[in-house]
Amino acid sequence: MTFSDEQTLSPLPMATEGASLEERLFLSNLSLADEFDVSMAFFNECVDMNHFLWEFQRDPTSRPITAAIFAVVYSLIVLVGVSGNICVLLSIGRTRSLQTVSNLFIFALSCSDIVVCCVSATFTPYTAFTKVWVFGVALCSLANFIAGTSLCFSIFVLAAISVDRFLLIRFPLNNQLRHNHALLIIPILCLFAMFVSFPMIFTQKLLRMEGYCGEFCVEDWGTNELYREIYGTILLIVQFFVPLLIITICYIGISVRLNRNILLRRKKMGNSWLRHRQSMADRRRQRTNRMFILMVCAFVLSWIWFILFNLLRDLGLLPYFIREQEFLYGIITHAIAMTSTIWNPILYALLNFQLRSAFLRLVPENARKFMAKRKFGQLGSKSKLTPRDAKLVAPTLLMASVGQQKHRQTAIALTAASPLVLST
């Protein structure tokens, strides 16, 4: 089951699971033509897919109003996803203190999300509503491969982050991943994702089908249907279940370790100041772990509907009302899956003080002054800010969270030097 974006477009139950929209249309339209005894000659030279589907199936995706609604939805996803992840890349790239091992993985994840926005969130919806492939032979072979690689790479990176966090919490003084390890692991994960998705290049073919207008990018395994089923099963396990198992084990181990350390400190630490400082460090670690867990949850909740839709369809277990409108439900689940590209920047801004401050530094100076003016006014001052005042206040307000974070880090470092504190 090749759970890339082209799957939405697979034909009938147990048909090619990575099939494109055109393949499903072709086969379903043939069955409709037989059912209604439609002669191709009646349509003169060729059949327009959208017209045909509306006449015989009342398919909403063949209507301009539906296409317009989804065009707005996908445009917002691409706009927010690309701009948000570019902000992440710029923030990490320009701020040396943010270039930690975990943030290097986040950097790679943002790159993957941008690729998903540019490929999966553009080619698939366009093809879903035009019902033909207009992007040429090369992209027919590469688009599905790129989409599958991006999906595999993203979940592999999330698994790598969970392993990094587990090693950091479980072995704080040893066995931690370093920058050079991360810079080696990231390309290895990318190559492995490409290897897993590689068969998609050779099974996607651009065809013209007699009686139908346009060209169609379809997945064709020839007579090797057994190979398709074996590949689909292996891909489902490698692409989804194994990474999720690793992530689950790591975060359960992290939670158990953190809770145990907190209990031990409460028993051993008598100094209230040290206990307070260490509790702050524990809360910071828990907040960071919570952010990564929410990243995984957002990814899974975004993709699970799309994967379930394709899995149930391929097993012939879709409910009747969904089978009647597979195109509509397919594109809905695909749009939900594409929202996975927008959640990570939002989570970073909400839960990571340093990244949030780095995001704010990307805001132009005039906009920062304006925000500082409004902030100053909300504090209850009745006097107006002069340009000189605004210039002084803006950086102060903007950098407040950064200064607080540095203060906390300094206090934690001093606390760690005490023999009374247990390391985590």
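The backbone N, Cα and C atoms fix where each Cβ goes, and this holds for glycine too.
For reference, TrEMBL has these:
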- 65-92: transmembrane segment (TRANSMEM)
- 84-348: domain 'G-protein coupled receptors family 1 profile' (DOMAIN)
- 104-126: transmembrane segment (TRANSMEM)
- 132-161: transmembrane segment (TRANSMEM)
- 182-202: transmembrane segment (TRANSMEM)
- 230-258: transmembrane segment (TRANSMEM)
- 292-312: transmembrane segment (TRANSMEM)
- 327-351: transmembrane segment (TRANSMEM)
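Sequence-distant contacts of the transmembrane segment (327-351) (same chain, six or more residues past either end, CB-CB distance under 8 Å): 5, 8-9, 21, 24, 53, 59-61, 66, 70, 73-74, 77, 80-81, 84-85, 87-88, 106, 109-110, 113-114, 116-117, 120-121, 124-125, 128, 154, 287-288, 290-291, 294-295, 298-299, 302-303, 305-306, 308-309, 359. Long-range contacts of the transmembrane segment (65-92) within its own chain (CB-CB distance under 8 A, at least 6 residues past either end) are made by residues 98-99, 103-104, 106-107, 110-111, 113-114, 116-118, 121-122, 125, 128-129, 328, 331, 335, 338-339, 341-342, 344-346, 348, 355, 358-359, 361-362. Remote same-chain residues near the transmembrane segment (132-161) are listed as 2-6, 18, 20, 22, 49, 102, 105-106, 108-109, 112-113, 115-116, 119-120, 123-124, 185-186, 189-190, 192-194, 196-198, 200-202, 204-206, 213-217, 219, 238-240, 243-244, 246-247, 250, 292, 295-296, 299, 303, 340 (criterion: CB distance under 8 Å, separation of at least six residues from the stretch ends). On the 0 to 100 pLDDT scale, the model's mean across the domain 'G-protein coupled receptors family 1 profile' (84-348) is 87.
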